[in-house]
Amino acid sequence: MSVTELENLDTIVSLAKARGFIYQSSEIYGGLGAVYDYGPLGTELKRNIRDHWWKVMTQYHDNIVGLDASIFMHPKVWEASGHVEGFNDPMIDDKQSNKRYRADMLVEEHIAKLRKDGKEEEADELQELLDTTGKREGLCKDLHKLIIENEIRAPESGAFDWTDVRQFNLMFKTQFGATSSGDDDDAVYLRPETAQGIFVNFKNVMDTARQKIPFGIAQVGKAFRNEVVARQFVFRMREFEQMEMQYFVEPGTDEENYEKWLSKRLDWHKELGIREHKLRTHPHPEDKLAHYAVSAADIQYEYPIGWQEVEGVHNRTDFDLSQHHEYSGKKLEYYDQKKQKRYTPYVIETSIGLDRAVMMVLCDAYREEEVDGDSRTVLKLNPKIAPTKIGIFPLIKKDKLQDLAHKIEHDLREDYNVLYDESGSIGKRYRRQDEAGTPFCITVDFDGVESEGEDTVTIRYRDDMTQDRVPVSRLREVIGEKMRSWKPE
Ligand code: ATP
């Protein structure tokens, strides 16, 4: 058997559309850039990943509680958080095509090209220059210089006709209420991250959930960013979902908690079924840290577009709580009864993009296999998160087989997402479920219903395509055991 892994992102984009995982938003109107809708299978897959995260973070930790904060927040929140002032991307326009690019990414892409061409030294030099570009004021000028000096051309038009580099704020602004003047003074934003909802509710949760430090608040929700570069499918969207946990700790214990959470979060990805060699942690160099962080690392996955961040783990210090204290005038402190000590907690943040997780899971599970001259596309998803767990098929459309298949469907559907299918050849039905990532298919045939004793059926396993004949009463046991023991290949 020959096995090919995913090489090209377009393959996943096509499969996602064809099988009902992910569609372009408003496609019948030509689509809306970097906004996507999840179809029937995608909705299930996304929900299963979300539920798995929620369970591991809250149910398995008695000191982590949940929160569901609003998307709209008081405008002052974004002043305090630094987003109004500093949540910018440097952008540059190609004057010939009027296409807009992120200036730093143009340089990154140029570096990748140099490496591909074997020009390692040149690439290292440019990388060093990029890493030391000024943080705020100097950044635009520095980036512009790098683009011009390295004669970086526009990727699409090939032109070398650039505007200056300008800062572009990524927050979406909207009118709020009938009395809004539309001025910046009362601008309300669609939240660009879920974290701030946690910080502003820190005191509410502490007062009501009877938690002692260290404790965490977990939240899943939509976030919005007016990304300059909006390519790469659900990797970079303008509306996306985050799963974040802010862990409040005593200052001085922050670095050990940061290390602990980085390692726990990496383990979570492995438990999700992602192959270990496709995962790595990537610490941010000190001079590249965000304004709020003292330590930060990405958990990266090797997507077909290269090693990229799927999750960030940050030591945010007491930056956020102190800022909200200053801007709101409300104390956001903790009193440690035992130590008789009052302090502003430090925060360790774990922040994963659910859509990037969906894309990682799809990319990692994708295989094309040639078996005895026959080919199949299969998603080898962890059964725990597979959208459909079990396909149930009568071999042919005969009452006796259909009745038992429906009975099994009825019995199993309370615990599993099952799918009854009687159309097409059995081979075609298997292939359809392989592409949907369904780990088990149960086929009801005459041998099983007409033999002496208890009815039996065959279970066919997606990953190795082997089959077992099993009495109907043992189905749950066999499936449960296979689900528990599943490992990625
Ligand atoms: P990047 O550098 O790739 O823009 P970021 O460092 O700005 O990401 P964070 O602000 O740390 O990202 O957000 C936490 C997580 O949210 C990221 O690890 C990512 O999974 C997800 N995320 C951020 N921006 C987007 C986006 N535009 N589309 C999808 N997911 C996103």
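Just so it is clear, glycine is given a Cβ too, placed from its N, Cα and C backbone atoms.
Feature annotation from TrEMBL assigns substrate binding site to R102, E193, F240, E241, Q242, M243, E244, E349, T350, S351, I352, G353. A strand conformation is recorded for Q242 (substrate binding site) in the three-state DSSP classification. Around Q242 (substrate binding site), taking its Cβ as the centre, 21 other Cβ atoms fall within 10 Å, counting all chains.
If you look up TrEMBL, you'll see 151-383 marked as domain 'Aminoacyl-transfer RNA synthetases class-II family profile'.
The ATP binding site annotation in TrEMBL covers 225-227, 235-240, 309-310, 353-356. Annotation note: R236 (ATP binding site) sits in a coil segment as assigned by DSSP.
Per Cα geometry, R102 is the residue among the binding-site residues R102, Q242, I352 nearest to E227 (ATP binding site). T350 (substrate binding site) sits 14 Å from R356 (ATP binding site), taking the Cα positions as reference. DSSP assigns I352 (substrate binding site) to a strand. Each of the binding-site residues V310, I352, L354 was scored by the number of other CB atoms within 10 Å of its CB, and the largest score is that of I352. Highlighted here are the binding-site residues (Q242, L354, R356) whose C-beta falls below 6 Å from ligand 1: Q242, R356, in sequence order.
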